[in-house]
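Quick look at what Swiss-Prot lists:
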BINDING   C392, D394, H574, C589  Zn(2+) binding site
Amino acid sequence: MSIPSILKKDTNIDMQENNINDLVASASRVIAPLWPISTFAAHHPWMGLEKQSFEQVANWLKEARNVDIYPSASMIHSAKVKGEIEESFLQMSLSRWLDSQSFHIPREKAERFCQAALKLEKLPSSLLSSPEVNKLAEEMNYINTASMQASVMQPISSLIESQNSENLSDVLNYHIIKWCKLYLDESGSNWTMPNREKGFYRAWQHLITFDPALSKNERKVLKDWPQDAEVALARALFELGISESNIQSYLEGHLLSLPGWAGMIRWRSQQSIQEQELLIEYLAVRISMELAIVKPYLPLKNQKVEKKVSIVPLIASWIYWGNISTREWLQMPAAEQSELLVFAYRFDENIRKKLWLEAWEQTHAEQLREKIASTQRATNDKKRVLAQLAFCIDVRSEPFRRHLEKLGPFETFGIAGFFGLPIATSELGSNNNHSSLPVILKPKHQIKELTNENELKSYEQRKRVGSSVRSTFKTMKQNVMTSMALPELSGPLLGLQMVTRSFVPRGVGGFIRKLRKTMLQKPATTFSLNHVHDTKGEIPIGFTKEEKVNYVRQALKMVGLTEKFAPLVVMCGHSSQSTNNPYAAALECGACGGAAGGFNARVFATLCNLPEVREALFAEGIKIPEDTIFAAAEHKTTVDELEWIYVPELSETAQEAFDCIESIMPNVSQHANRERLTQLPNFKTKIKNASKEAHRFAEDWSEIRPEWGLARNASFIIGQRELTQDCDLEGRAFLHNYDWKQDESGDILANIIAGPGTVAQWINLQYYASTVAPHYYGSGNKTTQTVTAGLGVMQGNASDLLPGLPWQSVMQSDSETYHSPLRLLIVIQAPSQYIERLLNNDFTFREKVQNGWVRLASVDPKGRWKNW
């Protein structure tokens, strides 16, 4: 069986027609764009491969890179012990698989073999090395195993390494990492790469012949190399002897060799027109260098690795799991022997783990169904509540919302944390914009934070004092002469900071934050909400009146909040608080591009309070009472507190609601913190003061796990709050409000699936990948990481740019996972015809469901659950 490129390609490409661009574009789908760690946008590694099934991609990765993306046997056994996998679902999955196969073995015999194999025990090494079994395999050499052969296209450097034990692929990676760091560096060095403005390939070509790390012969190969990246790439492929039909597979192999650096290159290529061909330049550099390194070994007789399947483990599996002795093997007809071997080959480790994963997911779905069914109640008897609070769909909001609802007359909603505002934000005194929306979208408006001119000048002056101290310290550290004196000058102060930060982190951290806030004295601010026609920027500043009304209407309708408004409506963005944490952005709001969501919450609340917006909404039937006031707050997930960031003048009833929230908030924080902290491995005893402990975690610069983040996320529930209000969902569910009765066209549901649904899926599969394949898709141990080039982290100083989450984000201990690697279950509360219409109209989503990238279920108006 030939293992081709995972992507369909044109094998009739004429390289003279510059179709190398198309090949690179097709090959690039095997890697995902990697955002800088400062914004750490969640992404799933296989976003470009969703046209294939999850099973196909799993098999391809196993063959091409020896990467296993199914949960390991130890994870599965641990989940079974915890009651997370029901055996009955495993038997159902096995029966479905057997029904789908064509074989000429008695069903009972096949089932017995599969049942034993599903225990996931390794075949004994003594059996695999047994002379008796190996002799039997030799005597059965007449069996045709051609259908079980695999052919894999590898980089020439890897192929030579496997044949001659030469460490060429590591040498090549070392060089590429070095050049990538030089070109992509954002903040690490004072000197930038010469000729960087001309592009990666030109800058590399200018310097490569002076690289002392290359031999004289290697530099000679590259001395008169083409100046154009596309021409250089085509020439390198030609001289390596790569046939046109194999080029795409070959490029895929090189991209997968360093998926982190290649992913960062791909992301950069999507950010500006100037760097749109950066991925071609990267491949031109990499494969040109490969040619220089491997040239002494060329030509090769065979450019593909032929993976011949040994029948020894197949025979051993029937002996061990099927109770067939070697004597019985010898007495079998050749056709029966072949049938057994093919069956054992099909029921390989990937299939066995796939069945276990399906059983795990079905168990989770059934447990969630039972929770929802046991707590459902009528949704039409809504009483007027004192306050309504809209939180981000983030799974960390679920426990906080649950405790808030229990302790007061409050109603909570779930909505994507950017509140439907496609904006780039610019904080007071900043010249930079941040795209405060999901990374799958582009901002349409720029919103600036404003104050009066005198206040702004004073504030900027105070900011410059702080930044000048930091820049002076950095300059002294990087200067040859002043770096000698820096330890003596800064030692006493930094030593004192180290001691106090280590022994009293909560007190010192709080003091530093208060001191910084006092010194800056940020003035009261407003926003540039009104549309500005004459703007030099690419994005217009502010909104037109129609846009203001449109964005407010869309968000309110999306969550079903179009009537029965409470006196106080609070838009709650969320943020995280941690110290000395490169992954701080990973704990922020994913819907706001890896930043805090308070800015968006404040802008939205301000829009809702505008008389012109309310008048327009009133004309459309959305009647917001005069005494209803919109405010904004920020839910700090690390300490489970609500910080008010925008509280306008309140009406009497709104003030009553505000005071009520303030009075119960300490209890809400205590309960939420206690629930969350007891999940951390550090806590095995009763917590006396959960809030104090949470603050210690947030301020301790030695703390490698300030919070679990979105670990254990498993479902995305789209429906009214009453569906889940009394459920303890254990902080595992994204919750988005939705009222199908206000969505006759289905457009609101389609937008939720296309936007927040996609973000939730990306988050889910990033956690999944970082758990099942941490060596390839994770980022290793935080304690041994190096932040490099202002972009991301490496292990040591010459590794791949690590694309995923650290060990501490998904693991309870060295041997036990905390995150359960399950594909996201999307549950929609709506009639079946709504789901059918969604699947018929949204081909991309239907493809995700059919190919196993997400799971889908629905709850109809009568409370009946349906798996799709």
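Glycine is no exception: its Cβ is also placed from the backbone N, Cα and C atoms.
In the three-state DSSP scheme, C392 (Zn(2+) binding site) falls into the strand class. Apart from C392, D394, H574, C589, the residues listed for Zn(2+), the same chain places the Cβ atoms of F391, I393, R396, S397, G417, G573, S575, E588, G590, A591, C592, G597, H635, T637 within 8 Å of the centroid of those Cβ atoms. Sequence-distant neighbours of C589 (Zn(2+) binding site) (same chain, six or more apart, CB under 8 Å from its CB) are C392, D394, G417, F418, G573, H574, S575, A595, A596, G597, listed in sequence order.
By the criterion of other Cβ atoms within 10 Å of the residue's own Cβ, the least surrounded of the binding-site residues C392, D394, H574 is H574.
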